[in-house]
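Going by TrEMBL, these are the annotated features:
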ACT_SITE  Lys148  active site, proton donor
BINDING   Lys112, Lys136, Ser404  substrate binding site
BINDING   Thr236, Asn275  NAD(+) binding site
SITE      Asp190  site 'Important for catalysis'
Amino acid sequence: MVFPKYTPLLTFTNISSARLKYTTNIAPTTNNIPIAATNVATEDHEPTFLQSVELFFDRAAKVSNIHPKTLAHIKAVDCVLSVSFPIEIDENNHKIIHGYRAQHSRHRLPAKGGIRFSPEVDLHEVEALASLMTYKCAVVNVPFGGAKGGIMIDPKQWTPAQLERITRRYTMELCQKGFIGPGIDVPAPDVGTSAREMSWIMDTYRQFNSQDVNAAGCVTGKPVALGGVRGRTEATGLGVFYGIREFLTYPEVQEKYKLPGNVQGMSVVIQGFGNVGYWAAKFFESNGARIIAIGERDCGAFSPKGLDIEKLFQHRNETGSFRDFPDIQIIEDPLQVLELECDVLIPAALERQIGLKNAHKVRAKMVGEAANGPITPGGHDILVQRGIAVVPDLLLNAGGVCVSYFEWLKNLSHVRFGRMNKKWDERGKSQLLALVEQNAGRHLTESERRQLIHGAEEHELVYSGLEDTMIDACAETRATANELKTDYRTAALSNAIRKIATVYEGSGTLFSSGG
C-alpha cells in the first residue's frame, strides 16, 4: 500500500524506529500480523495509528535540538511480549486467545500503561499506545516509562467467569516473562477493562509473588477496598476539564480562536460516552458549560439547549441507546457529531476519528483530544491551517496516568492520603480561628467553622494534585509553543523528548565512544 495523496507539512527522515520506518510513499511491513479494521473517518491512504504517532514524533524531533542517536533510541520500542493461550468454552470447544504487552521506554521504571480488551487490538496499536504513554508521562512530569497491553477479544461476547480466566491467564504470562511488578511494569484499565479486571490481575500477581509486600502496586485503577485511590475513576475526564479550562485562560488563545475566558456558557460536543466522555461531560456541565451533543457507536444525541448528562447516561445504561430519550434530536450517523458547530469539540472515543475525509468539516473553535490519537497527521494539519486550536492527547488525557501515579505512591507507602495529617490540620485551623474570633469579637456559626477547619479528604487531595499537574503541564506546553511558534502538539511532544533525553544522557549508559 502506498500513500500518494498525503504529504506532511514537516518530515524528519533521518530518525527511524528500530521496528518500523515511515515515509510518505512506502508502506511498512506488517510482519504478517493482521491489522484489525476500525470504523474511522479516515482515508485508506492515511498513515496507520503507529505511523501517525511516529510522524508526530519526527516533527517534534526536528525542533527539539536533540542528537539523532538519542532521538532514534527514544523513538524505538524497547520490547514486546506476544502471547497465545487456549481458553475452554465448553467440554468440546476452546478458543486461542492472543494478547500483547509492549514496553516502549524503560528510561524510568516502572513502565506504565493500560490493558484493553478489544477485537481490534493488534501489535501495531499496542506499540503506538505504549509510545504515547512514554511521551504522556514526560509531558505531565510523572516518573514512569511507557507501556501498553491488550487482548484481542470482545468482552461483551464472554461471560464474567470466562473473562476472569482470560485475565488471570494473561497475567500469568506477564508474571512468567517479567512484564509486571510494582517496579517493573504497572498496568491500568483501558478500553473494555475496569477495576474488576485490575482486581483479578493483582490477585494473580500475588499468587506468584507472595513475598512482595508492595504487591498492591503492581496495577492501578483498583477498587478502593483493594488499594485503589479515591478519584481514579473520574481522573481522565477531570484532567480533560482542567486542561481545557486552563487553555481558555490564556489571552492569546482567547484572541486567536475567539474563545471565552472560562467554560461558563460555552458549547461543548463530545464524541464517546464511556468513562472519559461521561466524566468530562459531567465536569463541564457542573461548571456551567452546555453539552449540546454526544456521539455514541450507534447514534448521537443533540440538544441546542444542552443535554442533561446524568439522565441521558441513566437512559443509555437502561436501554442501550440514546433513542427515545425526551427532547433531543437523534443524529443517525454518530460521526456527524464531529461536524457540529460548537466552541469545544472533545473526541473521547477511539483513534483516527478526524482525518483528511472530515477535518475540513469540523466547525469547533478548539478540539481537545480526550481519546488517544483521534486525529491523524493530515487531519491535524487541516485543523491547524483552518485556525482551530488542537489540545493534544499526550497532554489532555494524562489525568488517568497522573492519578494512577498517586495510587501507586499510596500502595508503596501503605497509607491513605490524608490519614496522617487531616486531624492535625483541622486542630491547627481551629486554634487559628479561635484567635481570630477573640480579636474580632465575633464568633462563627458551627457551619462556618466546619467549613473553614475541614481537613482534606483523599479525593480532594487527588483532585488538587491533578489540577496542579495539569496547570503546570499546560503552562510548559504554552511556553514552548510560543517560543517555537508551533502548534501545541509539537510543543508538548518536544518537551517530552527533551525530558526523556535528559534522563538517558544523564544516566551515562546510552552510548559509549569507541577506542
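Cβ coordinates come from backbone N, Cα and C, glycine included.
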Query = Using DSSP and three states only, what is Lys112 (substrate binding site)?
reply = strand
Query = How many other Cβ atoms are found within 10 Å of the Cβ atom of Asn275 (NAD(+) binding site), counting all protein chains shown?
reply = 19
Note = Expressed in angstrom and rounded to a whole number, the substrate site built from Lys112, Lys136, Ser404 spans a maximum Cα-Cα distance of 13
Query = How many whole Å apart are the CA atoms of Lys112 (substrate binding site) and Lys148 (active site, proton donor)?
reply = 7
Residues near Thr236 (NAD(+) binding site) in space but at least six apart in sequence (CB under 8 A) = Asn275, Val276, Trp279, Ala280, Ala370, Asn397, Gly399, Gly400
Remark   = the residue listed as 'active site, proton donor' falls, by DSSP collapsed to helix, strand or coil, into strand
Message = Residues other than Lys112, Lys136, Ser404 within 8 Å, Cβ to Cβ centroid, of the substrate site?
response = Gly113, Met133, Cys137, Val142, Phe144, Gly146, Ala188, Ala398, Gly400, Val401, Cys402, Tyr405
Inquiry  = Return the residues near Ser404 (substrate binding site) by Cβ distance under 8 Å, restricted to its own chain and a separation of at least 6 in sequence.
reply    = Lys112, Val186, Ala188, Thr220, Gly221, Arg232, Ala235
Query = Which residues, sitting 6 or more apart from Lys136 (substrate binding site) on the same chain, put a CB under 8 Å from its CB?
reply = Val142, Gly146, Asp393, Leu394, Leu395, Asn397, Ala398, Val401, Ala496
Ask   = Just the number: how many Å between the Cα atoms of Asp190 (site 'Important for catalysis') and the residue listed as 'active site, proton donor'?
value = 9
Note = Residues near Lys148 (active site, proton donor) by Cβ (under 8 Å) yet at least 6 apart in sequence within the same chain, in sequence order, are Arg101, Ala102, His104, Gly113, Gly114, Ile115, Arg116, Val126, Glu127, Leu129, Ala130, Leu132, Met133, Asp190
